[in-house]
Amino acid sequence: MAELKIALAGNPNCGKTTLFNDLTGSNQYVGNWPGVTVEKKDGRLKGHKDVIIQDLPGIYSLSPYTLEEVVSRTYLVNEQPDAILNIVDGTNIERNLYLSTQLIELGIPVVIAVNMIDLVRRNGDQIDLKKLGEAMGCRVVEMSALKGEGSKEAALAALAAARGGEAKELPHVFTGSVEHAIAHIEESIQSRVPERFLRWYAIKLFERDERVMEQLGLDKDNILAEHIEQHIADCEAEMEDDAESIITNQRYAYIHTVVEKAVVKKPRKDNMTVSDRIDQVVTNRVLALPIFAVIMFAVYAIAMGGYPFSIGTMGTDWANDTLFGSIVPGLFDALLLDGTGAPRVAEWLYGLIQDGIVAGVGAVLGFVPQILVLCFLLAILEDVGYMARIAFVMDRIFRRFGLSGKSFIPLLVATGCGVPGIMATRTIEQDRDRKLTIMTTGFIPCGAKLPIIGLFAGAVFGESPWVATSAFFIGIGAVIVSGIILKKTRAFAGEPAPFVMELPAYHAPAWGNVLRATWERGWSFIKRAGTVILISSIILWFLQGYGFVDGVFQAVEDNNHSLLAVIGNALAWIFYPLGWAGDMAWKATVATITGLIAKEEVVNTFGVLYQYAGEVDLMEDSSPIWAAVAADFGAMRAYSFLIFNLLCAPCFAAMGAIKREMNNPKWTAFAIGYMCAFAYAISMIAYQLGGLITGEAVFSLWTVAALAVLAVLLWMLFRPAPKVREEVRFRAAKSAQSA
Amino acid sequence: MNTLNNIKVGQTVTVARLNGAGAVKRRIMDMGITKGVEIYVRKVAPLGDPMELTVRGYELSIRKADAEMVEVL
């Protein structure tokens, strides 16, 4: 028998994830929808290998305005699953059925599963499934996914519907004149769409859905477009409202009558639920911010703080020092060395495995414990419903610079490590906010950047605490400035992100979901370490360890002769405008390149390049290389180097995270390119203008160039936001109406 | 006519009409704020914006700037 596809659709927080996990067990595939940041999950139904369950993003509607909704409807129309299992939260049935009224129009067999039926019963409410089914024109079952009650039956009902093939007769959701207009539109597009989707397309055209208009070629067929527009305009004139509002209003009006017939709500004496009581404290006007601060501090302390609270840091330190510091290298030594301590394999192979692969990949995998702990805590906050409250509390601050309230968590996490910070952007629903947050998260000084700050603060600035403080403010400033600048660019101005967000009721975490989410994120990080990071570690190891000495290509002891040094020298001119000149230029360039492996490598590289033998512990106290560094770097030059390395492209691990979360090569390149360009501009301004004051730089063409860059930055910062496409769309609709 | 952003915490109002167009308006309507529906203003965020509403039996948060599009009685 051929494979059957069942799509799971429903609102966010309707229990869809729980059901999906329950139905598919460990048999899941997690990826992204092609080219977008929306997560895609599918799996096979337990006990039915020939049935694929496709989990759709949690959505409220099938409008053309949010990425999740577009992804879902494109899938439903193009891939044509054999049935839709629509999960409906029984405690919030009115808004949940709104999506159902749209799903049944697709001409695909639908089964509605009323979830959380245990809570409905506990509230003393009653839902008449038969009446509901008659009114919606599909089969309705009840279940409690969390308790595992009725899940199997719901899946089997969907399976039966899929095997049955035909969708049932649709209820008349809309009033006479609207149905009349829709019938006329159906008639005129009959030849262009498959019959089962006829009503769906007709309704979308009635709503003036631009994506559907384009898809059907109406933008090129004026006669047909005007014909359809006439029907819409007539109906609008009669109803004294716009088409989109008419459709939405009538859907809700229909649901309202259905709910009145099929649902009996027990009148409540006390309107306060447990969730309400929690919320009263947690988002209380006075207590909200302190509680929020405590929770954030706890998350941060447990995941990446210091001893003795931080499980994450303890795990990471153990992984770095013990697992990848002695156990794994020891294992490879046992495997690769003979009794005398000489390698059993070629010298270069031994070096490649130990210094290249084990050291490089190990450095990245060392973060896994911190990431797992952090993802676990964030998954709990997400699952219990607190994440939405964070956005509610913080939105006021963050939307000023183009981010959302939920951007706070990624930025906070990034002060520990940028990789989980970037991964934490997944909880932001709006695509635009998510991309902007991904792009700015890397600016925050992470733990690995602290040694760089420490080195220069000690060597050049007499251990002034202001260096670290200013570095932190530069990071935050870069986030804010970038948010404002990028928000005004065309890429981000396009789709306005309305902040109209559900605040779901609090509930105890579903541990299965929490653990699964934690594992998925952790595993995706580990997989990346095995690919992108493995390759880049090998390449850098090669460049660092090999070179030409006396015209012969060979392994080099002295880094100065390595290919990396050659590349550093060849590229040093790029950084001339930043004040990296003379003897330090190539060293600074090489350090910047090695910083791409991990930012702490910058300091290690200086240790090597300045011929400082022994443990490179540059943060603790005055070290012998401080004098050498100080001799090479003036104050502004050091500061320019510091700024560039704090803001430019992050390490490979973070770039890998950006690539994974953006899920689009163009956006990945844009994000990394932007960070480098921004870092370059700020460093150049700092050196050329700051250096003029301290006397390190002289007035030259570069000073003028820096002034010009500054002017451009200020212009991008303060120019009025360009007109949003939305307005154009609105005007187009208006003029079409009046035509 | 009064708009939703001006309604005090604790009051219940009825939606008279929605202004504006496009994504934001559609989103507001999709979430159940349509003509004739009752809205209870539950609270305002600690920093004064956004506001939290009860509509169709669930909790919704909306920025005051967007709430301005909603005319209420």
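From the backbone N, Cα and C atoms, a Cβ is placed for every residue, glycine too.
TrEMBL lists transmembrane segment for one of the ranges A:329-352, A:401-424, A:593-616, namely A:401-424. Secondary structure from DSSP puts A:Pro12 (GTP 1 binding site) in coil. Taking the binding-site residues A:Cys14, A:Val36, A:Val38, A:Ile117 in turn, the residue surrounded by the fewest other Cβ atoms inside 10 Å of its Cβ turns out to be A:Val36. Considering other CB atoms within 10 Å as the measure, the emptiest surroundings among the binding-site residues A:Glu39, A:Asp55 are those of A:Glu39. Rounded to a whole value, the Cα-Cα separation of A:Val36 (GTP 2 binding site) and A:Lys16 (GTP 1 binding site) is 21 Å. For the transmembrane segment (A:529-549), the list of distant contacts is 351-352, 355-357, 359-361, 364-365, 555-556, 559, 561-567, 593-594, 596-597, 652-653, 655-656, 659: same-chain residues at least six beyond its ends, Cβ to Cβ under 8 Å.
Spatially, the transmembrane segment (A:699-718) is not adjacent to the transmembrane segment (A:436-460); fewer than three Cβ-Cβ distances between them are under 8 Å for residues at least 6 apart in sequence.
Taking the C-alpha positions, the distance from A:Gly35 (GTP 2 binding site) to A:Ile117 (GTP 1 binding site) comes to 37 Å. Rounded to the nearest whole angstrom, the C-alpha distance between A:Asp55 (GTP 1 binding site) and A:Glu39 (GTP 2 binding site) is 10. Using the Cβ center of A:Gly35, A:Val36, A:Thr37, A:Val38, A:Glu39 for GTP 2, the list of other same-chain residues with Cβ within 8 Å runs, in sequence order, A:Asn32, A:Trp33, A:Pro34, A:Lys40, A:Leu67, A:Val71, A:Asp431, A:Asn663. In space, A:Asn21 is the closest of the binding-site residues A:Asn21, A:Thr37, A:Val38, A:Glu39 to A:Asn115 (GTP 1 binding site), judged by Cα positions.
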